């Protein structure tokens with residue numbers, strides 16, 4: 001019997017990563033309001049709370065039978081969380097701050113089925129090139145970065161801004177495959193069985 005997997009996300013990047021496998025899944029956007037959760041200084045706990053909140057909102061709104069998969073990614077630099085920018089100007093300021101620096105990306109992945117909840121995390125270090133300020137507005141507009149935490153994308157023009165990535169590149173895109181693989185095993189779903 002095929003597993004019922006529900007991707008609780010509107011992220012095209014997470015959907016694309018999951019489509020690397022033949023595992024059937026449906027998408028439901030969570031109603032959880034991320035900005036309702038205040039950041040209290042622990043980025044790992046914050047990311048986990050958001051991922052779990054998204055999964056619980058899907059249960060509350062839809063009560064599906066399958067395994068719900070949600071994730072939350074945060075960018076951290078010098079103790080500050082960089083969420084999705086709310087404006088072009090905020091995205092540009094984020095890029096200026098991260099220019100030439102190394103920051104952390106934490107993604108929490110939550111799987112929830114009925115009362116069974118499993119959560120995992122991945123942390124990756126990303127170092128930016130020195131960014132020419134006069135082009136940052138163009139970058140934000142060209143790659144529609146307002147829906148991406150930290151105001152940037154590794155897939156679209158990432159080579160212009162990223163010097164190197166230490167750790168899981170899929171984590172930077174919002175869904176670390178290694179973490180997902182281990183969590184799915186707890187629900188008797190093996191990604192090796194779903195290779196394309």
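Quick reminder: no glycine exception, Cβ is built from N, Cα and C everywhere.
According to Swiss-Prot, the protein carries these features:
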ACT_SITE  72  active site, proton acceptor
SITE      13  site 'Important for substrate specificity'
SITE      73  site 'Important for substrate specificity'
SITE      155  site 'Important for substrate specificity'
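Overlay of Swiss-Prot annotations on the structure.
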residue	record	Cβ contacts under 8 Å, 6 or more apart
13	site 'Important for substrate specificity'	155, 173, 174, 175
72	active site, proton acceptor	34, 47, 48, 50, 51, 54, 107, 108
73	site 'Important for substrate specificity'	47, 105, 106, 107, 149, 171, 174
Helix, strand or coil at residue 72 (active site, proton acceptor) [DSSP, three-state]: strand
Assigned conformation of residue 155 (site 'Important for substrate specificity') - DSSP reduced to three states: coil
Protein Cβ atoms within 10 Å of residue 155 (site 'Important for substrate specificity'), excluding its own: 13
